[in-house]
Amino acid sequence: MRHYDCKNYINLDCEKGLCALTKGMVPIDGEGSEACPNFKPAEKCGNCKNFCNPDKYGLGTCTGLEKENWAYATCGASACPSYKAE
């Protein structure tokens, strides 16, 4: 897991973000992007019980809404009424 996948990560631009707990800058990928001991999985479609059959690009199916539809694993789901953490 990476900082980018943490609930405490605040995206700033295409290269870096901010940890809401430590207030420190963290890179999206590469050196220093590994998750810390305070890691909590972010509410993303890929972390939901209703997300299934992702392909190699992270495109899968959401089965939690009235009508099944495609969804990206990295899509934010904090406001989704059907989100259920795995």
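Placement of Cβ uses the backbone N, Cα and C atoms for every residue, glycine included.
Matching Cys19, Cys80 to the [4Fe-4S] cluster 2 binding residues that Swiss-Prot gives (Cys45, Cys48, Cys62) identifies Cys80. A distance of 13 Å separates the Cα atom of Cys45 ([4Fe-4S] cluster 2 binding site) from that of Cys6 ([4Fe-4S] cluster 1 binding site). Of the recorded residues, Cys80 ([4Fe-4S] cluster 2 binding site) and His3 ([4Fe-4S] cluster 1 binding site) place their C-alpha atoms 22 Å from one another. Around the Cβ of Cys19 ([4Fe-4S] cluster 1 binding site), a 10 Å sphere holds 16 further Cβ atoms from the protein chains shown. Put simply, His3 ([4Fe-4S] cluster 1 binding site) is 18 Å from Cys48 ([4Fe-4S] cluster 2 binding site) when counted between their Cα atoms.
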